[in-house]
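Here's the structure, in structure tokens; my notes come after.
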Amino acid sequence: MQTNLHQLIAKRIQSASCLIITAGAGMGVDSGLPDFRGKEGFWNNYIPFRNKFSFTECANPQFLLDHPNLFWGFYGHRLHLYRETQPHKGFGMLKTWSQNKKSFVLTSNVDGHFQKAGFDNKSVYEVHGSINFMQCTSCQRIYSADGYNIIYDMNTFEAKDPLPNCKNCVNVIVRPNILMFGDYSFMSDRVEEQEDRYLQFKNQLTTQDRIIVLEFGAGEAVATIRMMGEELFLKYKHITFIRVNPRDDNSPFGWKQQQNTEDKAFYALKQGALEAITQIQQYML
């Protein structure tokens, strides 16, 4: 049944005029990136923080104020990891599928891997920002993180001084342009520009468009991406929603398999992103 389902999904992708890719942390797992699922998942990757700091405590602007060197040890390591890691082959397959279609990417991932894999930056909406950009809350500027190389101790995850300073201000420590937990200082200008382009993209869709939403690795803990895909499924008449998730693969709005029609359908693949994409690819003409 699963094999037949991959074939069915491939046919729907090929006949679609619009492809919307939505992706959470699970999309990057097959590239070798951590997803910080639960306290143990986080602590296994940041052993010195075990029983001291949780992911939500580290990914918080207050952590920069209280523990600036640990904050930049944590984010410096992530910046280095995301820079050095290559997107898995599934990204390239998705890019091929999106050719000659109206397409857009919605992601909560801050790693910039869709752009790194060749997706058009103007067709990517990074809802939580990007680690590849810095922000200074003093001069209110957002700029590229290129040129910043944070040195940190792998045994303690403590960053070495000097910490990253603003290129425009004197002795002002910057932070990643990422929406964190309890974050009232996130500068959303760049994300809002991406959102505007996404809204323009949606406004150009017509009643004749046959839409495919491919969701990868979007969990329920922070459900932003899941909700965005489900809203699309609720709104449009000609839409197929594919949820790829090895754990959280439940259907939206209690949708039942018997409700599927040629025009509107939901399918779940209880798999990782790369495995599912590779198996669908086998049936793409």
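Using the three backbone atoms N, Cα and C, a Cβ is placed for every residue, glycine included.
No curator has checked TrEMBL annotations; they are predicted automatically.
In this structure, H128 (active site, proton acceptor) belongs to neither helix nor strand by DSSP; it is coil. Residues near H128 (active site, proton acceptor) in space but far in sequence (CB under 8 A, at least 6 apart, same chain), listed by position: S108, N109, V110, I178, L179, V191, T224. Annotation source TrEMBL lists active site, proton acceptor at H128.
Within the same chain, residues at least six positions away from C136 (Zn(2+) binding site) with a Cβ under 8 Å of its Cβ are C166, N168, C169, V172, V174. Under the heading Zn(2+) binding site, TrEMBL lists C136, C139, C166, C169.
For 1-285, the entry in TrEMBL reads domain 'Deacetylase sirtuin-type'. Mean pLDDT of the predicted structure over the domain 'Deacetylase sirtuin-type' (1-285): 95.
With a cut-off of 8 Å between CB atoms and residues at least 6 apart in sequence, the same chain places C166, N168, C169, V172 near C139 (Zn(2+) binding site), listed in sequence order. All chains included, 18 other C-beta atoms sit within 10 angstroms of the C-beta of C166 (Zn(2+) binding site).
Compute the center of the Cβ atoms of C136, C139, C166, C169, which mark the site for Zn(2+); besides them, the chain residues with Cβ within 8 Å of that center are T137, S138, Q140, R141, K167, N168, V172, V174.
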